[in-house]
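Peer 1: The following block contains the structure, expressed as structure tokens.
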Amino acid sequence: MQQRTIQKAVEVVGIGLHKGEPIRLRLEPLSANAGIVFYREDLALNIPLSPDSVIDTRMATVIGSEKGFISTIEHFLSAVYAYGIDNMRVIVDGNEMPIMDGSSISFCLLLDEAGIKELDVPKKVICVKKAVEIKEGDKFVRLLPSDKATFDFRIKFDHPVIGVQSESFEFGTHNFIEEIARARTFGFAKDIQYLQSQNLALGATLQNAIGLDDHKVLNPEGLRFENEFARHKILDAMGDMMVSGHNILAKYESFAGSHNLNYRLTSKLLADSRNYEFVTVKELQSRAFAKSFA
């Protein structure tokens, strides 16, 4: 299996979650070994994708520097992970990605429109060799050696609609589109009101998130999956793992994980070369991982 980029440039316009203003997103092909490079068109600022570029993880994953930043990249990056894209230029004209419908499906459709192009250089993945874990109270995220890429996520909320939920997912592009990509982000009405008083979440609506009051889901159409909340957490985790710039071959496990825990996990993984190795897909003993991108 070779490195991938997209066949042609594509673009879409959507609303930014926090400012509530239109954001133009344009994707362009890049050559082998270029990586995923974000670009703030309004600032003429390149931001290469890597854990070193992460500057905030409180409400979303944010990359940048003192010169400028791009927020809420994780939903987009989960689609990039799912399609096995290694090299691409990601251009936005503001400080956040468009939220679209709060899931990844719009980005999947955009990548379908762009098409996938295989390059002349073998694709490398991060193969986890040793268990790596981050714990915070009873919360944890961990990566374990595995010959498959799997995600197991459990959440617990003191809310009658959510309660305790879990989802186990074996990665594959088709599986992602069917089981994970449409799972939306969610928020509580009382929190949204406070955030908007702070000039945040100004673009949040029931068209781009699951809204909940103290008792029920506010969206007239209801949920897309019974455990949509847990599925969205897997979507987030995939996007946060993609901040490494590569697909990761491992078993991911979490209870009540967050963007911050995911960021600390990838940073800890990559901080010690004994934890992992870069392996071409061709070198992997298991061919199942290569078939995941079919």
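Just so you know, glycine gets a Cβ as well, placed from its N, Cα and C.
Below are the features listed in Swiss-Prot for this protein:
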- H75, H232, D236: Zn(2+) binding site (BINDING)
- H259: active site, proton donor (ACT_SITE)
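What's the neighbourhood like for each of these?
Peer 2: There are 30 other Cβ atoms within 10 Å of the Cβ belonging to H75 (Zn(2+) binding site).
Remark: H259 (active site, proton donor) has T57, R58, M59, A60, T61, E74, D236, D240 as non-local neighbours, by Cβ distance under 8 Å and separation of at least 6 in sequence.
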Peer 1: If you count the other Cβ atoms within 10 Å of each Cβ, which of the binding-site residues H232, D236 comes out on top?
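Peer 2: Of the binding-site residues H232, D236, the most buried by Cβ count within 10 Å is H232.
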